[in-house]
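Participant: One structure is given below, represented as structure tokens, and several questions about it will come after.
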């Protein structure tokens with residue numbers, strides 16, 4: 001009876017259970033994400049690559065060949081673009097910057113290349129008979145104008161002429177720094193025993209010309225614009241440029257000349273301030289002008305030292321022989337040292353006493369301030385500049401500081417050991433004006449300094465000179481390929497391409513680096529276009545540079561770098577395009593895939609990824625899994641191509657025109673023969689079956705062409721209902737003539753036979769399915785009713801248990817309350833009982 005009641009009320013329980021099951025399935029189902037490829041994302045990685053140069057075509061004299069070979073550089077961009085990267089923080093390290101090493105190697109190569117065609121002075125390594133030049137002292141001049149005795153030597157020597165077996169005597173003037181005494185009157189050139197001396201070609205100019213280092217296509221240069229950036233650590237004001245500012249390759253020691261200035265206060269930079277072996281680079285905020293001159297009016301003469309070789313030396317000095325010197329403002333310099341001392345105190349402690357002392361010794365290039373002025377190499381005594389403390393100031397009492405300078409013509413190449421250069425003398429007087437924009441300092445070591453820090457001028461490693469200008473730059477490699485999870489899955493359908501919004505074109509290269517991934521996705525076309533346009537522009541620049549120097553029939557260092565940059569850019573672009581092609585994403589900025597996103601790569605939600613993260617942060621998070629994702633995309637694309645190939649193999653039936661291809665006629669003939677053979681065999685089988693059937697009925701076959709009675713069904717016997725009645729008229733099958741007629745009859749019989757058998761089979765299957773369905777539905781209803789019955793029983797049992805528990809609890813509660821009431825009444829009656837007892841006692 002109860003089971004019947006449950007069966008009647010199962011409908012609303014069924015609906016409720018279905019709804020609950022659906023809600024559970026929706027809540028438990030995790031949304032599937034798929035890998036999507038993006039091309040042109042604003043992502044970069046630190047890299048080292050070959051940089052090429054750009055220079056202003058009007059910055060040098062076309063009549064002379066500057067040693068920097070800037071004629072081989074591409075022209076500078078008249079409108080350079082610098083794009084500020086919002087919300088981007090990047091780490092810089094000026095002490096581990098490959099741009100510095102690359103510039104250093106370039107300068108070495110340029111000097112070597114400029115000296116290759118020049119004359120080797122090996123024949124000049126002979127004994128020199130030298131005497132001091134007359135009028136080498138001038139008592140009427142001031143102390144700094146008086147040239148020291150023996151500063152210029154008049155030397156005679158025997159030299160081979162254009163005829164090798166003929167020797168003649170020649171004389172020349174040499175500076176004292178360029179000769180070494182052998183005995184009292186005999187000398188030799190200073191570097192003959194250690195180096196190969198090469199004379200600089202007559203028309204080579206050492207005048208520094210600004211060089212812009214540029215990144216090839218596919219790379220970018222990041223620039224730190226923090227005004228107080230110390231060279232290492234994070235920088236929050238970052239922009240991207242294609243080329244650096246113009247850097248003058250000034251070769252100098254102690255003082256940095258004609259560089260860039262700090263925008264606000266003086267900035268001091270060092271790799272490690274606590275290590276006194278590390279150089280301190282000081283960048284000034286105001287330049288100090290230094291004017292240098294060689295007052296001597298020199299003449300230059302040529303000495304033939306062999307076939308096709310000439311030595312250029314100083315012939316004579318017209319007028320008084322005076323000391324070369326440099327002048328700078330004492331007030332400006334003292335103010336500069338005071339500001340530097342303040343910054344050094346901030347770094348090393350305000351309780352420290354800052355002292356500047358001259359160099360402690362070493363090579364002339366280190367002890368003095370060495371630089372090139374108008375083609376001559378000056379070595380100026382900087383003692384007056386670096387004799388300073390808070391109380392003593394400078395010893396010089398005049399308005400200007402005058403530095404006495406000496407000149408050398410044989411220069412030890414600061415780049416390499418075993419090479420020296422002879423700088424030919426310059427005619428006439430020499431004057432040059434430079435701006436002091438920085439200093440190179442070293443700190444004295446020792447533990448017991450008594451609260452004093454002593455700083456001395458340093459230098460010698462030209463990398464520090466380049467580092468003082470390149471500290472704000474770093475080269476990065478653009479990684480335009482990015483992968484991220486989305487809800488979209490690749491479908492093998494064809495859709496029209498949509499045009500990218502024009503608004504993206506107004507954003508600069510990498511301009512969306514600080515934006516979220518969702519916002520940056522609309523600027524993909526900018527990066528994609530500039531990668532290719534940069535390569536094309538690089539190609540045009542290269543061809544222009546080669547055309548400009550084609551008369552030389554050789555490439556300079558810069559020309560080789562142009563080729564390297566071009567090849568590198570093409571290789572990177574082709575590699576990216578190859579990956580896109582392998583993934584089936586050619587020509588697409590956003591490409592969906594069939595690779596499911598694995599939460600082990602990143603378990604962040606879509607909102608966290610696309611609304612809160614930049615592409616740079618996202619790339620750092622999945623960087624370890626990038627190769628795995630790439631391989632999975634490639635495998636997925638390979639599988640898809642195999643599937644498409646199998647599908648296309650079936651597509652040959654789509655075109656009826658292919659059926660008439662002459663190459664398939666033999667196949668058609670083969671099929672026709674098989675069909676005819678099958679029909680003939682089928683005809684034979686039917687004839688045999690007909691004969692067997694007739695024989696079983698008692699007839700004998702007379703002829704295959706005889707009319708045979710048609711078979712009747714079981715519901716139509718041969719006679720009438722009464723016995724002995726007349727037979728019904730027999731039906732006979734038609735006798736046909738001709739091969740095609742026989743084929744038609746056989747095909748018709750075969751089709752009818754197949755139709756009847758298939759119909760019977762279908763009816764049987766339908767009956768079976770119907771029977772199974774009924775029984776299955778009955779079983780399901782039975783189990784459902786049974787489940788509802790037991791659920792109701794469990795519910796009733798639970799209700800009964802709850803009721804019994806409630807009754808037991810209620811009864812127990814009543815008993816407890818009754819006991820408490822009795823106890824309370826007993827307590828209340830105690831005074832009454834006491835009173836009654838007292839009354840009884842009194843009575």
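Cβ atoms are placed via backbone N, Cα and C, with glycine included.
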Participant: Can you dig out which of the ranges 691-694, 695-698, 699-702, 703-706 Swiss-Prot describes as motif 'YXXL motif'?
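Facilitator: Per Swiss-Prot, the stretch marked motif 'YXXL motif' is 699-702.
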Participant: Select from 627-648, 649-670, 737-758 the stretch of residues annotated by Swiss-Prot as region 'MPER'.
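Facilitator: Going through 627-648, 649-670, 737-758 one by one, Swiss-Prot flags 649-670 as region 'MPER'.
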Participant: Among the residues 129, 803, which does Swiss-Prot list with the feature N-linked glycosylation site?
Facilitator: 129
Participant: Between 448-458, 459-469, 470-480, I'd like to know which one Swiss-Prot lists as region 'V5'.
Facilitator: 448-458
Participant: Between 79-116, 155-192, 193-230, 231-268, which stretch does Swiss-Prot give the note region 'V2'?
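Facilitator: Per Swiss-Prot, the stretch marked region 'V2' is 155-192.
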Participant: Name, in the order they occur in the sequence, the residues of the same chain whose CB lies under 8 A from the CB of residue 130 (disulfide bond) and which sit 6 or more residues away.
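Facilitator: Spatial neighbours, sequence-distant, of residue 130 (disulfide bond): 153, 154, 155, 156, 174, 179, 185, 186, 187.
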Participant: Tell me, in order along the sequence, which disulfide-bonded residues from 73, 118, 224 have their CA within 10 Å of residue 380 (disulfide bond).
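Facilitator: Cα within 10 Å of residue 380 (disulfide bond): none.
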Participant: Taking every residue in the region 'V1' (130-154), what is their average pLDDT?
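Facilitator: So the average pLDDT across the region 'V1' (130-154) works out to 67.
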Participant: Which is it, of 235, 326: the one of these disulfide-bonded residues whose Cβ has the most other Cβ atoms within 10 Å?
Facilitator: 326
Participant: DSSP on the region 'Immunosuppression' (561-579): how many residues come out helix, how many strand, how many coil?
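Facilitator: Tallying H, G and I as helix, E and B as strand, the rest coil: 19 helix, 0 strand, 0 coil.
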Participant: Return the residues near residue 192 (disulfide bond), defined as same-chain residues 6+ apart in sequence whose C-beta is under 8 angstroms from its C-beta, sorted by sequence, else 'none'.
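Facilitator: Listed in sequence order, they are 124, 125.
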Participant: Return the count of C-beta atoms lying within 10 angstroms of the C-beta of residue 243 (disulfide bond), excluding that atom itself.
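Facilitator: A 10 Å sphere around the Cβ of residue 243 (disulfide bond) contains 22 other Cβ atoms.
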Participant: Going by C-alpha positions, which of the disulfide-bonded residues (53, 73, 243, 326, 591) is nearest residue 201 (disulfide bond)?
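Facilitator: Answer for the nearest of the disulfide-bonded residues: 73.
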Participant: How many Å lie between the Cα of residue 118 (disulfide bond) and the Cα of residue 326 (disulfide bond)?
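Facilitator: With the alpha carbons as reference points, the distance is 31 Å.
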Participant: Of 53, 224, 235, 591, which is closest to residue 432 (disulfide bond) if I measure between C-alpha atoms? They're all disulfide-bonded residues.
Facilitator: 53
